[in-house]
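If you check TrEMBL, you get these features:
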- B:77-269: domain 'ABC transmembrane type-1' (DOMAIN)
- B:20-41: transmembrane segment (TRANSMEM)
- B:81-103: transmembrane segment (TRANSMEM)
- B:115-136: transmembrane segment (TRANSMEM)
- B:148-168: transmembrane segment (TRANSMEM)
- B:189-214: transmembrane segment (TRANSMEM)
- B:251-269: transmembrane segment (TRANSMEM)
Amino acid sequence: MRTFRTVTALAAAALLLTGCAQAERGPDKDGVVHLRFQSLAWQKESVDINRQLVKEWNAAHPKVQVEYVQGSWDSVHDQLLTSFEGGEAPDIIHDASDDLADFSYGGYLADLTKLLPARLKADIPQQSWDTTTFDKKVYGVPFLQEPRVLMANEKLLKTSGVRVPTPEQPWTWEEFRQVAKKLTTDMGKGKYGVAWPLKEPVSATLNLGLSAGGELFHQGDDGKTTIRFTDADEVVPGTVHDQVNTDGSASAATLGMGGSDTLPGFFGGKYAMVPLGFSYRQQISQQAPEGFPWTVLPAPAGKDGLTQGVSPQTLSVAEDSPFKKEAVEFIDFFLAPENMARLAKGDWMLPTGKEALKDPSLHTPKDGWATGTALAAHLRSAPAQSVRGYPEWKDKVATPAYQEFYSGAIDAAELRQRLEKEGNLVLARYQR
Amino acid sequence: MSLTSGPMRTSRPARAGQYLALLAYLVFLAFPFLWLISTAFKSPRELGDLHPTWIPKDPSLDNFRQAFDEQPLLEAAGNSLIAALAAALIAVVIATPMAFVMARHRSRLTTAATGWVVVSQAFPFVLVIIPLFLILKNLHLINSLPGLIMVYVVWSLPFALWMLVGYVRAVPRELEEAAAVDGASRLRTLVSVTAPLLMPGLVATALFAFITAWNEFFFALVLLKSPEKQTLPVVLTHFIGAEGAADLGPLAAAAFLATLPSLVIFAIIQKRITGGMLAGAVKS
């Protein structure tokens, strides 16, 4: 038995050790380089455009052939992590900037700083590059992004006689609160001026909080990050809390819902406004009853105007890929202005590229495109996406704390205490 | 209540209560599936209705058309079927003689093996996936159905073994002793005497291994790279987007189709399974 165990253990160890020594990939016998591109596009229009662009590239570049592989947003982190560890990651990786920090710190992604062509560098604004830059190295090309906007029932707004905001003259947070109150009164019992779908409250709260100057995460001179919940950080969560618990102008039932879950209530006239990501317009256009009068309004502004945090979709290159140069060439082609505009329209999002943003079809009032495009210049890197320990803080501390605060179970003082005290303990573990 | 001897009789109200509880349980179990069917036949507009109905107002097959149009569902179902059938067959073939030994020859080794089987169920996927990935990569079994089948067999084997041990113990030992007296070898005894009596248990175990493999998602996601090799659960996630957004109609249509093979197989061999469960549960 002992001999059997020893042999088994040795066999397993040998398998693992030899597994680590992987053969270097190279071009095939005809000198053709094969790249694998894992895309997370999932809506038909978007998948079609992705496939079409790959087809166009392959036709124009017979020596560098790209294989299109469809991944899934639902499981991309675990799937990529395993693939990286096993040395089998795709060469070109579609993901979101808030997922890149762990991978870049882990050494799984290639530093693109010196590989990026000047055109692409110049086309994408610095605030977008900031979302994929960690330790002064660029680990992904941000290409699609979406602000949070207010989907509104135009008819209810008109009936109520409230001022309709524009990107040039948005509501303040206080004005938004008053408007929601008035709408609730005018709409009658069982109906609400606003429905906040806050199943995942942290990113929505922090991203919108930038408008009021809330930063929450502060970096000290020693380079270490600590959490400080200031008055500016309280503006957005305080507004939501008061709408639900004081004014009764926001539905408490939707606090635990995802965005899609609130749409039937929105279509049925139960809610006049729903704060949602810009791409939800596609679902609305598909599902709204014939002639439903919906419109897109900018989110309220604070002392920092319409500023919002975003985590753009990104394209990265695996560190293990032997074809980094070719992979970046493909990314450059894929994100040429006209292609980026096509991708943006397919996903109902905004392109990060300045040239793509000039596409006339992104400036039409139809389906709220013009409102979203006007917000592009105000979008910044989502707070804390590069802070180590952020995912744990989000899951273990911030999510339950914000949920309890919004439902009225705890007050602002306790929210502050939990976010700061428990949160800093979590961050400290990652910054030793 | 009667005090005379004989089988206990349940009063009418109690019996009615039992049926009511059973009905409630059935509704509870069937609700998600019925809702799935209803959703699969609804248009996007109807899915956005504030007051949804069980029966679609304007039933259509558009979601099914769209699902087949957008994703290679048939190809994926074929891959799932191959993986699940092979895993079930191999697991049963390996587990049967093992169960025979563990049930009939009690020793410290069989006690330890039983303990190990139970403990092995406690390991989460994420703990084993990276070492497993490296081993399979070394064996050139990444991105191949045989590699996935091997994983499924290993994954379902402990529980299959545990199930079968119970069934083997329920077969009277005297029958095997009689075969031995007649000169049958152990293998002959297992094949000609024990196995036929074990048939319900074998079917139940095979079904367990089949459904486990048919529904499995994470290993298939990580181990299969090429789109043409992906299994049904992986392809279903392609209808789901970021932050929980989903193409609900086609997703429901595809998910409904994905449940059909399990339902059909279950319906066909239901009687055998019921018999098998009883055989495994009652000590002679």
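For all residues, glycine too, the Cβ spot is worked out from N, Cα and C.
Ranked by Cβ pairs under 8 Å to the transmembrane segment (B:251-269), the stretches B:20-41, B:81-103, B:148-168, B:189-214 are led by B:20-41. Highest Cβ pair count under 8 Å relative to the transmembrane segment (B:81-103), across stretches B:20-41, B:115-136, B:148-168, B:189-214: B:148-168. Long-range Cβ contacts of the transmembrane segment (B:189-214) within its own chain (Cβ-Cβ under 8 Å, at least 6 residues beyond either end) map to 80-81, 83-85, 87-89, 91-92, 95-97, 100, 149, 152-153, 155-156, 159-160, 163-164, 166-168, 170-171, 175-176, 179-180, 232, 261-262, 265-266, 269, 272-273, 275-277, 279-280.
A Cβ distance under 8 Å defines the sequence-distant neighbours of the transmembrane segment (B:20-41), meaning residues of its chain 6+ beyond its ends; these are 47, 53-56, 59-61, 63-64, 248-249, 252-253, 255-256, 259. Long-range contacts of the transmembrane segment (B:148-168) within its own chain (CB-CB distance under 8 A, at least 6 residues past either end) are made by residues 82-84, 86-88, 90-92, 94-96, 98-100, 102-104, 114, 116-118, 120-121, 132, 136, 141, 194, 198, 200-202, 204-205, 208-209, 212-213, 216, 219-220, 223-224, 231, 276, 279-281.
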